[in-house]
């Protein structure tokens, strides 16, 4: 059930990235896609009827798998870095082209070629 | 310190140099290019040590933190990794040697410290990518290399680099997300992130969960193809190669694309079961994509006016060759594809280095401006001509050996259509390379003054280019040793 | 955007020590509760960003100049690598959890070997990164 929801979220994010012409909305779509993947990973680690994975005395209780959640900490940091870098480059694009609409940027570039 | 494996020492040296560079930049250190050459020289020597070690000891695993493979991250040192490690560190050393005088000035003075920080991190992440045996570690290194590649493209800010880098950033981020998703699926199916353990587990499990396995395979293929610029996912490549400064383009063309293809080989031959790849029609689709890349890349290259863009589209075609070799999955074709990875890295780097010299010293960006340049810069254009002939596939140069081996592979796989495609595209390659060479040497006025090229360029720029040219000749004339080495690698893979 | 709103500045002055303390708590309790270097570092960094939002960028520059943040970032990463290299002197592979670091009973603060030290280095680095990012993206004069 969780897996299905994460795939739907991934496709929504991908759709946003593909169709909206505004560059910042594309960044939002990329973030939604990444969040879908983090959700997927955390759902992979879920064990039904499991407790939290913190060692407190007796070690025999059934716990949720903490490995995917730990991996996703790194993944979230990577996603933040990509977002920060994309936003910085978008500022530069605005300074050079005067617009952040992809279609208008293409118009400016094709006028330069002639 | 004597128990330290030289491979790990490579990573440590690169990471420490990468993190010390910003501090040095704050304290007004000026000699970054010298530092880069020095560090990459050390890395090159260490990678030669790694090859000797692999030859004598055999395959070796290095577990980080002492954890066993099913819980921890490990690096693997086998013949495949050792060869590509040598290629990557050697290329970086040659490119940094070449980075002198006017070519160095393409990157402004105050940005140089940051540029070399990024270049060190790129080298560290590419080497880590190749050496690792853990899927998530591979993803982290893929992301680091993607971000640093975008950064070295956009180090000079103008309209072209900004546009190329935002395009590359979005496309490569989609590719990385796909690879991460596929890693999650593999973890769900097998419970292991280690490549070899997951591979062994997947061979048993794939029959039970065919839908999930094929989805994992599809996402991994899509992500890695997007990053290696296989047609039709190559759209970021021409803009990125054209607008970046010369050494960035040389690094990207020779190394970054190749590292992702090596990752493709590692994942698809060790992790995902090969029989599954062939049963579903994905190998057919991959072969068709590779074939189209070869033809359409060459066709686009013919119609270009600027020389860097033409070389970029030529790269698209060559990546098609490599993928054709890999996805046909016969012994000769994989050997040919692998050899073409090495060959194309050398040839393309030499092409971009010579073109870089000409662009910076004469300002000739368009192909029509190349008339008569051969008379002013005979050595440089001579090396350009040598590498162009190697790319077309003329014996006895190294391009011929790898194309011939891939062609044998297409016959082995009983797909003669691709043999025709290879021959046809070699003719197309000739169509766009030969006119440049002829125009450069025989066109133009005869009374251009010729002052000695050596004096103007200097020993340090000519020597690296000459080394690559000599390598092209050696691998072409004596192909036995490299081919035997690669045969050993390939027979383990299949 | 330099206004000094009375309510916001009073609340910032009140909350900032608690925010920083909470961030440090998250960083140090990495092996006992969910958290760790990344999330704790983000909270501390967010506290400094709050400071600059309330009082303007010039306050930010005084407390955290460009040179300091570069040194802290490189320093954090080098400390991490240094902890990994320490393992070499004992003959173990890189980044091993050695017996010389305190390893008490599970559940107490001083257990878990050197994970706490690594996370402190990461936390400091992440906080400095968040501050530097906000500085360069939202700064009033972009150079």
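Just so it is clear, glycine is given a Cβ too, placed from its N, Cα and C backbone atoms.
These features come from TrEMBL:
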- B:133-427: domain 'NADH:quinone oxidoreductase/Mrp antiporter transmembrane' (DOMAIN)
- B:6-25: transmembrane segment (TRANSMEM)
- B:32-55: transmembrane segment (TRANSMEM)
- B:75-99: transmembrane segment (TRANSMEM)
- B:111-132: transmembrane segment (TRANSMEM)
- B:138-156: transmembrane segment (TRANSMEM)
- B:168-189: transmembrane segment (TRANSMEM)
- B:242-265: transmembrane segment (TRANSMEM)
- B:285-303: transmembrane segment (TRANSMEM)
- B:310-329: transmembrane segment (TRANSMEM)
- B:341-364: transmembrane segment (TRANSMEM)
- B:376-397: transmembrane segment (TRANSMEM)
- B:417-436: transmembrane segment (TRANSMEM)
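Below 8 angstroms of C-beta separation, residues 106-108, 111, 114-115, 118-119, 121-122, 124-126, 128-129, 132, 162, 164-165, 168-169, 172-173, 175-176, 179-180, 183, 195, 227, 240, 243-245, 248, 251-252, 256, 259-260, 263, 267 of the same chain, each at least six residues beyond the ends of the transmembrane segment (B:138-156), sit close to that stretch. The stretch in B:6-25, B:32-55, B:75-99 that contributes the largest number of Cβ pairs under 8 Å to the transmembrane segment (B:111-132) is B:6-25. The list of residues near the transmembrane segment (B:32-55) in space but at least 6 beyond its ends in sequence, with Cβ under 8 angstroms from a Cβ of it, reads 5-7, 9-10, 13-14, 17, 21, 24-25, 77-79, 82-83, 85-86, 88-90, 92-93, 96-97, 99-100, 104, 112-113, 115-116, 119-120, 123, 127. Within the chain carrying the transmembrane segment (B:6-25), a Cβ under 8 angstroms from the stretch's Cβ atoms is held by residues 32, 35, 39, 42-43, 46-47, 49-50, 53, 62, 75, 77, 85, 89, 113-114, 116-117, 120-121, 123-124, 127-128, 131, all 6 or more beyond its ends.
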